[in-house]
Amino acid sequence: MSKTEELRHSLKLYFIMGSQNCEKDPSDVLREAIAGGITMFQFREKGPDAKQGEERVEFARELQKICKEHNIPFIVNDDVQLAVQIDADGVHIGQDDENAHIAREKLKGKILGVSAHNLEEVKEAIKNGADYVGMGPVYPTKTKKDALAVQGTDIIKEVRNSRIDIPIVGIGGITAHTAGNVIESGADGVSIISAISQADSPLDEAKQLRKAIFG
Ligand code: 3NM
């Protein structure tokens with residue numbers, strides 16, 4: 001399998017979280033999500049309650065260890081320095097974060113994901129060396145307070161209709177009920193925070209999502 005095809009597969013059920021997204025122990029949430037079948041993980045320790053400094057690094061290492069034990073790629077949100085420090089599998093950066101081009105230089109050989117909200121941003125991300133783009137918010141989300149206007153699945157269709165082949169993952173308010181629509185619109189995968197992290201059973205929720213994605 002080529003590196004891009006491998007990544008396309010890893011993006012299918014992409015779980016994102018930090019301690020601020022969990023009511024239960026985050027390590028347990030991650031273990032359940034992995035047992036339920038997630039295919040990739042992003043460490044996103046963000047916001048006013050986020051862990052800082054050495055505590056944050058140790059927390060990242062703890063979740064990275066769990067991912068490693070199960071061969072789940074571990075991506076760091078928004079922090080190239082941390083990704084290099086702990087030798088993560090890659091970084092995901094937003095449009096406001098460190099410039100994708102600079103991140104690419106510092107992360108040779110690692111996965112680089114970039115958030116994009118329109119066709120222009122997708123093209124720019126490709127030019128800067130992104131390996132995949134995250135597009136959203138597909139549906140209303142309570143998780144990201146500064147999310148842009150809801151886009152539905154149209155933006156993903158538009159990118160695909162432009163014959164752009166970069167792996168795309170949809171984000172924002174996606175649940176087991178809607179994941180199938182996101183894939184049908186042309187996304188390679190779905191990224192999920194609250195549907196899994198806030199579920200009574202992250203294990204069951206991940207299983208339901210897998211069913212919606214893989215059939
Ligand atoms: N980025 P949930 S929406 C982190 O639109 C993030 O770029 C978004 O969380 C974007 O699955 C979002 O709980 C939050 O809705 C996704």
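Glycine too: its Cβ is placed from the backbone N, Cα and C atoms.
Just so it is clear, the model here is predicted, and its values are computed rather than measured.
Record note: TrEMBL gives Gln42, Phe43, Arg44, Glu45, Lys46, Ser115, Lys144 as 4-amino-2-methyl-5-(diphosphooxymethyl)pyrimidine-binding, and the candidate from Asn71, Asn77 in that site is Asn77. Its Cβ placed at the centre, Glu45 (4-amino-2-methyl-5-(diphosphooxymethyl)pyrimidine binding site) has 25 other Cβ atoms within 10 Å. Here the Cα atom of Phe43 (4-amino-2-methyl-5-(diphosphooxymethyl)pyrimidine binding site) is found 9 Å from that of Asp78 (Mg(2+) binding site). In this structure, the binding-site residues that sit close to ligand 1, with a C-beta under 6 angstroms from any of its atoms, are Ser115, Lys144, chosen from Gln42, Phe43, Ser115, Lys144.
For Ser115 (4-amino-2-methyl-5-(diphosphooxymethyl)pyrimidine binding site), the same-chain residues 6+ apart in sequence whose C-beta sits under 8 angstroms from its C-beta are His92, Ile93, Gly94, Gln95, Glu121, Val133, Gly134, Met135, Gly136, Ile171. Taken residue by residue with DSSP, Lys144 (4-amino-2-methyl-5-(diphosphooxymethyl)pyrimidine binding site) is part of neither helix nor strand, so it is coil. When the Cα atoms are compared, Lys144 (4-amino-2-methyl-5-(diphosphooxymethyl)pyrimidine binding site) and Asp78 (Mg(2+) binding site) turn out to be 14 Å apart.
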